[in-house]
Amino acid sequence: MRIYKVGGAVRDRLLGKPVTDIDWVVVGATTEEMLAKGFRPVGADFPVFLHPKSGEEYALARTERKSGRGYGGFTFHASPEVTLEEDLIRRDLTINAMAEDDQQNLTDPYHGQRDLEARLLRHVSPAFAEDPLRVLRVARFAARYAALGFTVAPETLELMRQLSESGELEALTPERSWKEISRALMEDQPQVFVEVLRACGALKVLMPEVDALFGVPQPPAHHPEIDTGAHTLSVLQQAATHKQPLTVRWACLLHDLGKGLTPEEEWPRHIAHEFKGLKLIKAVNERFKVPRDCQELALLVGEYHTHGHRALELKPSTLLELLQSFDIYRRPQRFEEFIAACEMDARGREGLEERSYPQADYLRGAATAARSVAVQPLLEKGFKGPELGEAIKRERLKALKAYKETAST
Ligand code: CTP
């Protein structure tokens, strides 16, 4: 039995990046031998085991053949005869297809090291097509390593295009896709993920609503970059630069979907795009079974981002409605995330990246004013039920009027 470190751990060590989890491949062993050594099997007929002490993944060297469509359609062939080279050739990228023994001797039959130096994300072999999720993985790696100068090799992009056109991407489970999307959004340059997906035609399949934004103009006075797709990418980039959480990044990606529905005769204006976009945001949320907090924020940002930008001009009653819609009393964090998304939207415009966003503090101040209304005195006055609700609302409105007056002096 020979054991090698493989995949990301080898790649990241050679790149001088921190290695978080280590995957191992075991050559020349059987399932029975692994079990006898105390390894715990991961699944019933999946040749992957967890180390009894470290909990790291050990996979028997295997070849993979595809027997059907989608991820469910895999059969695995693992046996002691499968060589290291046979295992490595079925992996996604050359930079992920290197192995290392305990002396740090590198096995690199598909020239991963050369591609690391050339900063190229290149598929190992036609076996790449066995798992369509790799289209998303490559786009994610492109986002992660963009700052180091990595790009996707033209022949790999071509293969990704063929996979995207083949209908295979539709067979991916929402869970697998979301895992890649969410990890990619958390990279330093998440916009590269979207760009690569677009370049190979996968964006049109996965998120046609986002793809449709490219080529849609906006008024140059507000949006010097003009193109809505370019704007969306800049907003996402701003969100990463400002280290925003996943919820905000997801909302940034989807905030302007409604602009893709504007009839051409109305361009470059997008009347009521906030409201029109909601059904599209909902569809994308559902397609990937997106976590609830991300879903909610994307819908709220979609509906109210223009309110955020106009915060200083809003009537106290509109301001109150906005705060109520966010349930700022019980969900203060969510309102902060809304403010952040609005700010990223404002900064994601060409030449306006550094412009200050006074709306943010104004909205925070408004929330504080509304929250400062005490309920106890109203209870003492005898208000209850719906009347109490109305009384609280009146008091909050008063507080917001006062706030607006002070803020404008
Ligand atoms: N792999 C693959 N195809 C996939 C998933 C994984 O070929 N669809 C292979 C790659 O060789 C990869 C290794 O399995 O390097 C381990 O996969 P994983 O842990 O998902 O990724 P890492 O490469 O370790 O990258 P990350 O840093 O993103 O975890």
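Each residue, glycine too, has its Cβ placed from N, Cα and C.
Automatic prediction, not curation, is the source of TrEMBL annotations.
What TrEMBL records for G8, R11, R91, R137, R140 is ATP binding site. Within 10 Å of the C-beta of R137 (ATP binding site) there are 18 other C-beta atoms, taking all protein chains into account.
For G8, R11, R91, R137, R140, the entry in TrEMBL reads CTP binding site.
Under the DSSP three-state reduction, D21 (Mg(2+) binding site) is assigned to coil, being neither helix nor strand. A 10 Å cutoff on Cβ-Cβ distances gives D21 (Mg(2+) binding site) a total of 10 other Cβ atoms nearby, all chains included. Per TrEMBL, the feature Mg(2+) binding site maps to D21, D23.
Among the features that TrEMBL reports, domain 'HD' is placed at 228-329.
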Ligand 1 is in the model; which of the binding-site residues D23, R91, R140 have a C-beta less than 6 angstroms from one of its atoms?
D23, R91
Within 8 Å of the centroid of the Cβ atoms of G8, R11, R91, R137, R140, which other residues of that chain place their own Cβ, given that this set defines the recorded ATP site?
G7, D92, L93, I95, N96, F141
Consider the binding-site residues G8, R11, R91, R140 and say which one has the Cα lying nearest the Cα of D23 (Mg(2+) binding site).
G8
Compare the C-alpha of D21 (Mg(2+) binding site) with the C-alpha of each of the binding-site residues G8, R11, R91, R140, and give the closest one.
G8
Which chain-mates of R140 (ATP binding site) that are at least 6 residues away have a CB under 8 A from its CB, listed by sequence?
E180, R183, A184, E187, F193
